[in-house]
Amino acid sequence: MSEMMADNENGRIGGELLSVDNITLRFGGVKALTDISFNINKGEIRSIIGPNGAGKSSMLNVINGFYKPQEGTIRFKGKNVNMKPDLAAKSGIARTFQNIALFKGMSTLDNIMTGRMLKMKAGFLSQAIYWGRAQKEELENRAFVEEIIDFLEIQSIRKTPVGRLPYGLQKRVELARALAMEPELLLLDEPMAGMNLEEKEDMSRYIIDVNEYFGTTIALIEHDMGVVMDLSDRVVVLDYGCKLADGSPDEVSSNQAVIDAYLGVAH
Amino acid sequence: MEALNALFVTPFVEIFDAPWFFMEVLTGGLMAGVMYSLVALGFVLIFKASGVFNFAQGVMVLFAALNFVGLMDAGVPMILAGIITIAIMVAVAFAIERFVLRPLVNQEHIILFMATIGVAYFLEGVGEMIWGTDVRPLNVGIPDDVFFVGDAMIQQSDLFAAVVAGFLVVVLALFFHYTRTGRALRAVADDHQAALSIGIPLNHIWVIVWSVAGFVALVTGIMWGSKLGVQFSLSVIALKALPVLILGGFTSIPGAIVGGLIIGAGEKVAEVYWGGFFGGAIEEWFAYILALAFLFFRPQGLFGEKIIERV
Amino acid sequence: MKFGKLGLLAASAAMTVVSTAALAAEQYIPSLVYRTGPYASGGVPLADGYADYFHLINERDGGVNGVKFKVEECETGYKTDRGVECYDRTKENATIYNPWSTGITYALIDKVTADKIPFLSMGYGRTSAADGRVFEYIFNFPSTYWNQATAIVQYIANELGGTDQLKGKRIGYIYLDHPYGKEPIPTMDILAEKFGFTYDKYPVAPKSMTEQKSIWLQIRKTKPDYVIMWGWGAMNATAVKEATNIRFDMSKFIGNWWSAGEDTAIPSGDKAKGYRAATFHGVGKDAPVFGDLQQHIVDKGMASGDGSKIGLVLYNRGFANAAYVVEAVRKAQEKFGNRVMTGEEVRWGLENLDLTEERLAELGLTGLVPPTKVTCENHEGLSPAIKIQEWNGSGYEVITDWIPAMTQVTRPLIEQDAAAYAAEKGITPRSCN
Amino acid sequence: MIYREAGEFKTSYAADQGLLTIPMDRWFVIGLVLFAFIGMPLVGDEYWLGSIMIPVLILAIAAMGLNILTGYAGQLSLGTGAFMAAGAYMAYKVATNLSFLPVPVAILAGGGFSAMIGVLFGIPSLRIKGFYLAVATLAAQFFLLWLFTHVDWFVNYNLSGVPAIADYHLFVDWGPLVTGAQASVEARYLFVLVFAVFLALAARNMARCKIGRSWMAIRDMDIAAEIIGIRPLHTKLSAFAISSFYCGVAGALWAFCFINNVEPGAYEIERSFQILFMIIIGGLGSILGSFLGAAFIFLLPITLSQLPGWLGLDVPADVITHLEFMVMGVLIIFFLIVEPHGLARLWQIAKEKLRRWPFPY
């Protein structure tokens, strides 16, 4: 972890990490996304905004391989990919969900440990006898996970089944699980939905910290414009599956089409 | 080569050699399928309205039939025995709602499923405790003769069962479409929460639907019982209805009917023409393998709606 | 694991007390029964008949030479694991076992031999146990499945007018697809070759015994001259019903002795008239012993169950089984003295059992129990034979005299299979001379 | 204050990741295992060891197997009996045809074969879920039993179709007899116990490692599992394989150490249901629960059938069996309502009570 912290403020944003080129996604006759293109640079916080039903979540689903677009390509780290979710995870994309997707029957610790899944290579026999590689891996990864637990300040709920946690904490555990994967690109789908002001401030702080200390690139869907404008380096705006605008928070917020879409001018 | 012949040539030659016999096999299979459909119907009704996979349906068939035949043997006239049995089944529905469904509301499906296994054990114990384990012949005056269509021999009792099943389906369809309760049932089937929010009493609906399933069980029990006598093995037919459900979908009444017919006809034709090649008794698994193969192509069943997974 | 075992121990103490309570000067008869489950319709009369005869001996004669019998039932539900549990629970001081189940028989063959308790699988179980040199403690007189198959074929030949008439005939063999139903197949293969008839096999799946439509459709198509059935439980009644449905000539439909109960034919009633089945004992309540039964047991309200099964085919079978056991104990007492016999002593009694017509008449069992002589070598009886009974719409009537089995065909098979078993298990057959 | 967990501080992650982190638990379990190995054979008579402990341990192994699949990985299966049969028939084949192999190897080979069959019938689980999958496993139940009873090769062309298990020594010609009627009941019991203890340990270890977490992840939310890199097919099939391995070993032990022959009737669908009840009542997703459930379900009917005798009542056998059905049904419903996590949770609650005792507050 310490080597990641070496990333300093000055060289924070690097070259292109992910590029989305001319993506079109249809469900039967319904077009969910039409010809969307944008990119995400290494180290930046990139927001995707838009009214309800604009296709934001669909966009994330395309990026990490849940939906297969009919047209267009996604390139991650310069490579053309046509992914399945588990392969996306392998190549370094993690995400959280709009509706929390934790493993309800497991403890906080176990949930976060699942994020280390890809880093563990022990065979099942070694696991069955809990000896050698399996034991070593378990302990190493436990140490790593404990650092994340410290970072997100959830030490006290380590052994609590996540189903019993309040909403805000569940969101935090979900973030912790995603972080445990040491992702290069972190997709956050409305991480602050339903939170009060204080919780939002906490979460914003964590997002900035993750970005700064770990150098993790973040793609964020969020409805709270204040949060978006404060956090984001660049913003892409979707409406009815089309791209409306793309640029810095200031550029976007002054764009007439965006204002129309949010105020509900007829098309 | 010989094996290929036995698999792909001989059976078809036999079919064309004796078309009347094939007809007979086919109708025999379809009639058996009607019986499966009746059991599957009970499953579907309950699954639609309460999301419960009711494993006890088979035992409910046995239980209803045992009560009915027990009462008749005790000298109660047939109609009265039928009415009393229906009353018993309604009481069972009340008890299930009160003691099983209500305490388990909002539990996972698998928990409810296992609870119905408990119900099955309990009903089986009660039924046999009261009425004993003897095979009881049942005669409700279903015609028991044969007639011929060409060379094909058809059992009147089978035909009668088919007519009754058809009638039952029509009645249920009318009930669902044209009565207040029916509409409420459909609303509940679509969305529990929404139905609750517009003031449909969920508990009543459950009682009603379990009662209807009990009624279907009685009809099924009488049909099977008058064929084979009322006995323990009636409860095993539930197992035969499961592949029908896979084929037809858990929520579709037409699916239960068509699925039953396909399974019935399929397994009889397979047993008669291909059974010898495999060493016989392939009926035991054929329906399941057929349904399983089918699932690969249509995981939601014949009439089920395509499930779109939302993330 | 933790709590389960602690509970076990606590209960263990309690149970040991109970199982030794059966001591005392009584001949202990554990009876493995199945009064519930899919085969209960057969299990109930068997269990009733078995218990009633012992009680009759106790009441009428005060036991055998003063030794009374104590019958204790253990419910198996026809399940093998429950049968094994019942056996282990009751085997202390047990006289003899007869679980009325082929599955349980197979599971117990080795155990009873190790425990030196005789085992009488009367007309079921492992046919090759008839070789007493290998199966020291297993008896299956008065007849076995293989012998029965030959005797039924013999009966068909008699009807046709001689074994030469079997040539070119077609027989349907419908059986429960279970080790029990498959037992006679090797014999049938030999008979088919020997006499030149063909036979078609129609297995009925145990889980869908009541689904026989496709089988009877095939029978309707192939039009066999005779159909032989090896059924049990719900399969029997369904087969008879389906046979009447396709208007099969019932007099050409022959069940084995487990397809011979009243429950087989009752659901079809009059339509099943003419249905035939094998039996190795008498039917009805004509034997003199039933008078005693009425007087000493029924009238005193001591009948097992509700007493409604008396005289039924399977009741009589259980009754006859008990009679054999009583006579074996009596025989053993002749040699070892008038006291409670051990398992080993009862085995001696069984191996030296010789029930002649005269002896049976003394016992009031004439017509009910066939004369039987058992030897050390031959545990199926020296003259295995069957009678054929016919359904008259409300009950069975015996319509033939004893039809002997073709032991010259079956004995070599029995010895061959027993030898194979001995080789597999590393048993050295004992010498009977 | 009999049971304490307070005051125990772990100073390393290794200690915290341990199997039994509370010393009292640890000593208790070690004591129990020691008792099972040493005390039980001394205390128990032939009935208790041979007719109760052996089948309970074997069924507990099968219940662990089903618990891995259903309790941990969330895939409902009604085909347990068939997977047990696969193990039994293959172990018999190996033991008779490759007689140079010691019998434990034959039994493990039966488990291995069962695992392969399990993978085969687990493939549909990728496309179908829930009850549809449950019904699909019934296909395995019926098809496999049919296969084993119709292909005579599986029984070495035995005339009766129910081959007897010979008396085998632990290692070919060496060691005590561990199977067959000649083997002493203590030897058979210890033989089964070794399997049960090692398989339980392995199951516990797997449950706390990567593989166990991936099963639970698939169970709790398969979509979320995918995004953290868990391959659904691979994970489900591993659950099917390991589960079937356990069931296969149990099936083989049943034939070899309990009923002394390979009998299809022992692996019918009733067995599948019986084992399902064991894990419901014992506790889904609990290894301890598998043992508790197996003991409970196996002992309940036996206890009920003897109860009137102990109380000096004369109740006919059939009434008892009907009562047994009713009690079983009511108990299943009762457990689901009152304690869906089964006996294992009750045990935990009891421990919590003990912690406070005698001062509840």
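Cβ atoms here come from the backbone N, Cα and C positions, even for glycine.
According to TrEMBL, the features are:
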TRANSMEM  B:20-45  transmembrane segment
TRANSMEM  B:52-72  transmembrane segment
TRANSMEM  B:78-101  transmembrane segment
TRANSMEM  B:110-131  transmembrane segment
TRANSMEM  B:159-178  transmembrane segment
TRANSMEM  B:205-224  transmembrane segment
TRANSMEM  B:244-265  transmembrane segment
TRANSMEM  B:272-297  transmembrane segment
*Same-chain Cβ contacts of the transmembrane segment (B:272-297) under 8 Å, 6 or more residues past its ends?*
3, 6-7, 11, 14-15, 25, 240, 242-244, 246-247, 262-263, 266
*Who are the long-range neighbours of the transmembrane segment (B:20-45) in its own chain, taking Cβ under 8 Å and residues 6 or more past its ends?*
53-54, 57-58, 60-61, 149-155, 158-159, 161-162, 165, 168-169, 172, 209, 212-213, 216-217, 219-220, 223-224, 237-238, 240-241, 244-245, 248, 250-253, 255-257, 259-269, 272-273
*So which of B:52-72, B:110-131, B:159-178, B:244-265 has the most C-beta pairs under 8 Å when paired with the transmembrane segment (B:78-101)?*
B:52-72
*Is the transmembrane segment (B:205-224) packed against any residues at least 6 beyond its ends, judged by a Cβ distance under 8 Å, and which are they?*
35, 38-39, 41-42, 45-46, 48-50, 54, 57, 60-66, 68, 82, 85-86, 89-90, 92-94, 96-97, 101, 138, 140, 142, 161, 164-165, 168, 172, 175, 181, 184-185, 188, 195, 230, 234, 237
*Cβ under 8 Å to the transmembrane segment (B:244-265), counting only same-chain residues 6 or more beyond its ends: which ones?*
26, 29-41, 43-45, 47-48, 53, 165, 169, 172-173, 189, 287, 290-292, 294-295, 300-304
